[in-house]
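Colleague: Following this message is one structure expressed as structure tokens.
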Amino acid sequence: MNGGPSGFHNAPVTKAFVITSALFTVFFGIQGRSSKLGLSYQDIFEKFRIWKLIMSTFAFSSTPELMFGLYLLYYFRVFERQIGSNKYSVFILFSGTVSLLLEVILLSLLKDTTANLLTSGPYGLIFASFIPFYLDIPVSTRFRVFGVNFSDKSFIYLAGVQLLLSSWKRSIFPGICGIIAGSLYRLNILGIRKAKFPEFVASFFSRLSFPSFGNSPPPAPSRNIVGTISPNTGRRAERSQPAPLPSSVEPSEEAITTLVSMGFDRNAARQALVHARNDVNAATNILLEAQSH
């Protein structure tokens, strides 16, 4: 199992978020303030340090947490490629906001004024992403080590457990809040899974994501990461599209590779791209609709 093409190709929102998180963590780390970014009852309800709500969403409190956190954020870029940057932006906002709200409610219930009860970092987004990871990403390889069964997904779970236990209860609580937020998104509360930002908002992240870094197109097709799509799915996608016009532009190998890396049949991906005039997002929607029939 892998996360598709290497780098942040077709994942500009993830790229912007990872860079922002790294910069904030390094900035506060240099100042020696990273360990003070965690949320506490005193900060929020007595001193009204509302700015900590925002900073705690991006900056990790230690180097080990930063390493495991960025690794997981980087891997979960696969979901942006699956649903598109616009909907993934909604997922980030929803999971982060709901998780943060749950953390504030937790602080108000515990009323512990002695220390920072909750560690900082994008725990909401990371652990919300484990919901689609568990439900949508199939196991492609299984193996045994000293009689214990493992799969290719085990490494992601182990990284998540390490991050969850990195600060004991200070990190466990934010992780649980993230899992709850991801579950609510999965349940499509208030139709959130259909929500989209205006296009200019989604494209804003693309302009922030420093195109010169990590956006090179993949040189060759990648392995299927979301399960093998049956040939029937490919044929359904082909039948669902009218014959392309003679003047249609031949799909680029880069676009075909991107769709194949998302788990679609190569022939179906090519037909969808022809119909969508080489628009990867539109082709993805066509293929998803074909699968639902």
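Cβ from N, Cα, C; glycine included.
Quick paste from Swiss-Prot:
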- 10-30: transmembrane segment (TRANSMEM)
- 53-73: transmembrane segment (TRANSMEM)
- 90-110: transmembrane segment (TRANSMEM)
- 117-137: transmembrane segment (TRANSMEM)
- 145-165: transmembrane segment (TRANSMEM)
- 172-192: transmembrane segment (TRANSMEM)
- 214-251: region 'Disordered' (REGION)
- 250-290: domain 'UBA' (DOMAIN)
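Give me the lay of the land around each of these features.
Modeller: If you look at the transmembrane segment (53-73), the same-chain residues 6 or more away from its ends with a CB under 8 A from one of its CBs are 14, 17-18, 20-22, 24-25, 27-29, 34-35, 37-39, 44, 96, 100, 104, 118-122, 124-126, 129, 156, 159-160, 162-163, 166-167, 171.
Counting only same-chain residues 6+ beyond the ends of the transmembrane segment (90-110), those with a CB under 8 A from a CB of the stretch are 13, 17, 39-41, 44-45, 53, 56-57, 79, 83, 117-118, 122-125, 127-129, 173-174, 177-178, 180-182, 184-185, 192, 195-197.
Residues 1, 17, 21, 34, 37-41, 55-61, 65-66, 69, 72-73, 76, 78-79, 91-92, 95-96, 98-100, 103, 106-107, 110, 153, 156, 160, 163-164, 166-167, 169-171, 173-179, 181-183, 185-186, 225-227 of the same chain sit 6 or more residues outside the transmembrane segment (117-137) yet have a Cβ under 8 Å from a Cβ within it.
Among residues of the same chain six or more beyond the transmembrane segment (145-165), those with a C-beta under 8 A of the stretch's C-beta atoms are 1, 64-65, 68-69, 71-72, 75, 123, 126-127, 130, 133, 137, 139, 171-172, 175.
Listed by sequence, the residues of this chain that lie at least six past the ends of the transmembrane segment (172-192) yet keep a Cβ under 8 A from its Cβ atoms are 90-91, 94-96, 98-100, 102-103, 106, 117-119, 121, 123-132, 135, 163-165.
Secondary structure of the domain 'UBA' (250-290), assigned with DSSP and counted as helix (H, G, I), strand (E, B) and coil, comes to 30 helix, 0 strand, 11 coil.
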